[in-house]
Amino acid sequence: MSTTTLSNENNEKSVLEPSTTDGEDEKPEVEVDGGLRAWLVVAGAFMTVFCGFGLAAAAGAFQSYYRATLLSQVSWITSAQSFGTFAPAIFTGSLFDKYGHRPLVAIGGTSLALGFLLLSFSTRYYQIILCHGSLIAWGCNLLFISPMSIVGQWFFKRRGLAFCGSSIGSIVWPLVIANLPPKVGFGWTCRVLALIASVCGVLSFFLMKTRLPPKPKGKFLEWSAFKNVQYTLIVLSFWTWTFGFFAFQIYIGTYGSVLALGSFVPYLLIIANGSSTIGRLGAGILADRIGVYNTIVIGNAILAVMLWVWLACKTLGSCVALCVIVGIASGAFVSLQSPVANKTSTDPLKAGTLLGQAVYVANNTADKVWKDPGLRKSMIHILVLYTAVFAVGYDGSLLNGFQALPAWKEQFGNPTGYALGLIAASYYLPKVVVPFLVAPLCDRFGRKLMLLPASLIMIAGTLIGTFGHTRGTLIGSRVLLGTGTSMAQITAGVLITEVAHPRIRHLSGSFFMCMYYVGSILASWLTFGMVYVHGSSWAWRAPSLIQGLGPAILLLSVFGPESPRWLLSKGRRSEAHAILAKYHANGLMDDELVLFELSEIETQIAFDRSFKDASWFDWFKTPVNRTRFGIVCLVACSVNICGNGVVSYYLVAVLRQVGITSSPAQAGINGAMSVCNFLSSIVGASLVERFGRRPLFLTALSGMLASFAIITGLSGGYATHHQSAVGTALVPFIFIFMMFYSSALTPIPYLYNPEILPTSLRAKGLSLHTIVTGLCLVFNNFVNPIALAAIQWKLYIVYDVVLVVTLALFYFFVRETRGLTTEEAAMVYETDEVKAEARVLIDIGRQEAKDDAADGGKGFIEQIERKV
């Protein structure tokens with residue numbers, strides 16, 4: 001299957017052009033980028049966007065009105081409307097593709113008018129929120145999706161200009177809502193709004209027309225569109241952009257009320273939306289000259305800066321200036337989101353581009369993983385192995401959450417400083433010693449056998465920690481948990497790399513550490529809920545007991561397959577062949593991919609001539625292994641000593657330093673961060689094979705450095721001035737720092753370190769990774785609390801320097817492994833001569849696999865048997 005690429009503007013235009021087939025009467029071409037029909041479509045789109053997006057952007061006018069006249073707690077009303085407007089868009093777009101715009105416009109206009117009519121008779125809170133959150137919100141959604149899709153069919157070069165009239169509605173609606181109620185009452189104001197919505201809906205129904213037929217029958221939702229990285233990133237940008245934009249739109253009026261700006265409050269939103277008209281017109285002109293993406297980047301950069309400037313605006317003049325600049329800057333994204341979405345597709349009848357997959361050897365598997373029995377079995381086994389890091393992530397948030405629980409602090413004497421550091425470090429001390437034993441045992445007795453004692457030790461540690469009463473039993477339980485998790489992490493990490501099908505190896509390896517955040521989320525939200533449990537030690541014992549869930553599931557791994565690479569290294573080729581055939585080719589022993597894998601593994605093991613006598617001193621015998629040793633240590637250090645130790649394990653202490661002392665607030669931030677980190681790690685794991693390991697590493701470290709520098713400055717500012725606003729501003733940057741960290745330094749290390757090592761050093765490599773991790777974490781958990789207590793925020797300066805050094809080391813020394821098999825990736829740090837020799841052997845093996853597969857595989861198997 002060939003790879004599909006994104007087309008340029010000419011390709012896009014050729015796809016959209018009307019075409020004729022033989023035997024059909026040729027129809028005159030419809031004029032695009034101008035002409036009466038195209039501009040009538042713009043007029044109809046103007047009407048729908050006037051109601052749809054214009055009303056969504058004017059939600060803040062309702063917020064200000066309700067806050068001033070009806071209710072004290074009204075944020076749920078506009079929140080419900082915003083959610084109901086944008087959340088259904090994933091389905092509305094598919095409805096447009098299948099049925100066209102007219103059913104959507106008819107239903108949307110009717111829903112919006114009916115919603116305002118019902119709102120005019122509403123007097124209770126639930127009635128108001130239902131009107132805004134259902135009928136009005138759904139009507140807005142149906143009305144603004146259609147023009148966004150249709151305008152892109154009629155304009156290639158001037159899509160931004162064609163869409164620039166959408167801000168008029170966001171000016172008119174606030175004017176009506178601000179001025180009519182004092183004169184005619186709120187009820188009649190809503191009826192006027194219903195009339196406006198009806199007129200606009202009728203006009204747009206007849207004026208708009210599609211150029212393309214509905215999408216042919218097929219999937220309702222084009223999930224395959226997310227294989228297009230460009231499209232996926234644009235969707236994520238749409239999602240994140242709405243947070244900042246609509247927070248300003250909804251709350252700028254409330255902010256004006258807080259500042260006591262009087263009668264001028266309703267006009268802040270009107271000024272912002274009026275300025276947006278200028279921004280949208282300017283963005284359309286600018287986009288035609290410098291490009292859509294460049295225009296949006298400029299606008300969003302200005303918008304991001306101004307949202308931070310918002311905190312400093314305290315006077316009428318500064319608020320007006322803020323509204324003008326925000327309005328102009330936001331106009332770029334609002335007017336150009338439709339052209340951006342259209343530019344990602346070569347087929348305008350579908351919502352995305354399917355990326356092809358180049359396959360160079362035949363394989364007896366289905367094209368989709370979930371459709372193939374062998375791959376499903378393999379993935380189930382890998383999912384069981386993922387629970388090896390569940391307890392690690394669980395502990396990462398559990399100790400943080402315990403520090404916010406009064407029952408735990410009372411039970412163990414509210415440990416701080418040295419005592420807290422010892423409790424935290426006791427979990428990681430075994431990680432310095434145990435890996436020296438795990439690696440040779442894995443190499444001698446196999447990978448999966450080591451998971452049985454690892455699981456039992458973790459379960460024992462959980463039970464002791466749950467039912468203990470003293471600091472001694474607490475520390476002892478954490479020592480056992482640290483021992484078990486280090487054994488499980490090393491063994492499971494190696495086994496995943498060596499068992500996974502080549503098609504899913506990169507995803508399987510990169511998602512391994514994402515399970516860390518599953519445990520972290522569960523622990524953080526459990527402890528958050530336990531903040532409200534008083535008078536019972538089970539407030540902390542229950543979360544402690546659930547830590548045993550991961551190792552209990554991990555016990556099932558003894559029923560899974562052994563590593564075929566380990567079996568081959570021990571001369572058990574028939575067993576290795578059977579496992580590869582079962583899990584990689586649905587039992588077909590003569591499958592071409594299976595034979596190629598056998599050949600490639602055999603070549604790599606033969607290349608590593610000292611496998612049977614491998615020892616820890618092998619790291620220092622050759623320059624290549626010394627380089628590998630340094631890279632493994634560098635990656636392990638980057639995971640643990642780049643400032644994340646302060647943020648993850650001592651978040652509560654950091655929050656206390658900036659004035660956030662409430663236990664519910666601390667536990668809530670801890671829980672929210674766990675969810676955010678998990679989502680970031682999932683995104684990073686999904687992009688590993690798209691962008692590569694090295695670019696993601698460098699991007700993450702750069703973002704961590706920038707955000708941690710801001711954290712340092714804000715912490716220092718709070719320590720000097722003790723202003724609560726400065727302390728509050730620190731929280732989002734902690735989230736940003738951990739998002740960058742989680743996107744690369746969570747998913748990639750346990751993929752990258754095993755794949756750059758030969759089979760003889762793979763278990764020892766992950767053991768080395770775990771040893772370095774243990775040393776770093778002992779340092780973090782023993783030194784950090786003491787340093788935080790002694791020098792406070794100045795400790796962050798040390799980690800700023802560490803981040804700079806780490807970024808430089810990654811830039812100069814870390815190499816890319818994207819697109820390589822396990823055996824090929826193990827060669828990236830070899831010399832050019834060795835790489836060339838290995839390449840020849842691998843190519844020979846590939847050809848032999850093809851030839852032997854054609855002959856039933858007998859020749860290859862006989863060749864292996866002769867080597868025994």
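Each residue, glycine too, has its Cβ placed from N, Cα and C.
Values in this document were obtained by computation on a predicted structure and should not be read as measured data.
Annotated features, as they stand in TrEMBL:
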REGION    1-28  region 'Disordered'
TRANSMEM  38-62  transmembrane segment
TRANSMEM  74-96  transmembrane segment
TRANSMEM  103-121  transmembrane segment
TRANSMEM  160-180  transmembrane segment
TRANSMEM  186-208  transmembrane segment
DOMAIN    381-818  domain 'Major facilitator superfamily (MFS) profile'
TRANSMEM  449-467  transmembrane segment
TRANSMEM  479-499  transmembrane segment
TRANSMEM  511-532  transmembrane segment
TRANSMEM  629-655  transmembrane segment
TRANSMEM  667-688  transmembrane segment
TRANSMEM  695-718  transmembrane segment
TRANSMEM  795-814  transmembrane segment
In the same chain, which residue numbers or ranges, 6 or more beyond the ends of the transmembrane segment (449-467), come under 8 angstroms Cβ to Cβ?
385, 388, 391, 438, 441-442, 473-474, 476-481, 483-485, 487-488, 490-492, 495, 541, 544-545, 547-548, 550-552, 554-555, 557-558
What is the pLDDT of the domain 'Major facilitator superfamily (MFS) profile' (381-818) when averaged and given as a whole number?
82
Highest-contact recorded stretch vs the transmembrane segment (186-208), from 103-121, 511-532, 695-718, CB pairs under 8 Å:
103-121
Long-range Cβ neighbours of the transmembrane segment (511-532) (under 8 Å; 6 or more residues past either end):
385-398, 400-402, 404-405, 407, 492-493, 496, 539-540, 542-543, 546-547, 550, 663-664, 667-668, 670-671, 673-675, 677-678, 681-682, 685, 742, 746-747, 749-751
Other parts of the chain folded back onto the transmembrane segment (667-688), taken as Cβ under 8 Å at six or more residues beyond its ends:
229, 236, 397, 400-401, 404, 506-507, 510-511, 513-514, 516-518, 520-521, 523-525, 527-528, 531, 651-652, 655, 660, 696, 700, 731, 734-735, 738-744, 746-748, 751, 818
May I ask for the residues of the chain that lie six or more residues beyond the transmembrane segment (795-814) and have a Cβ under 8 Å from a Cβ within it?
627, 630-631, 634-635, 637-638, 641-643, 646, 693-694, 697-698, 701-702, 704-705, 708-709, 711-712, 715, 784, 787-788
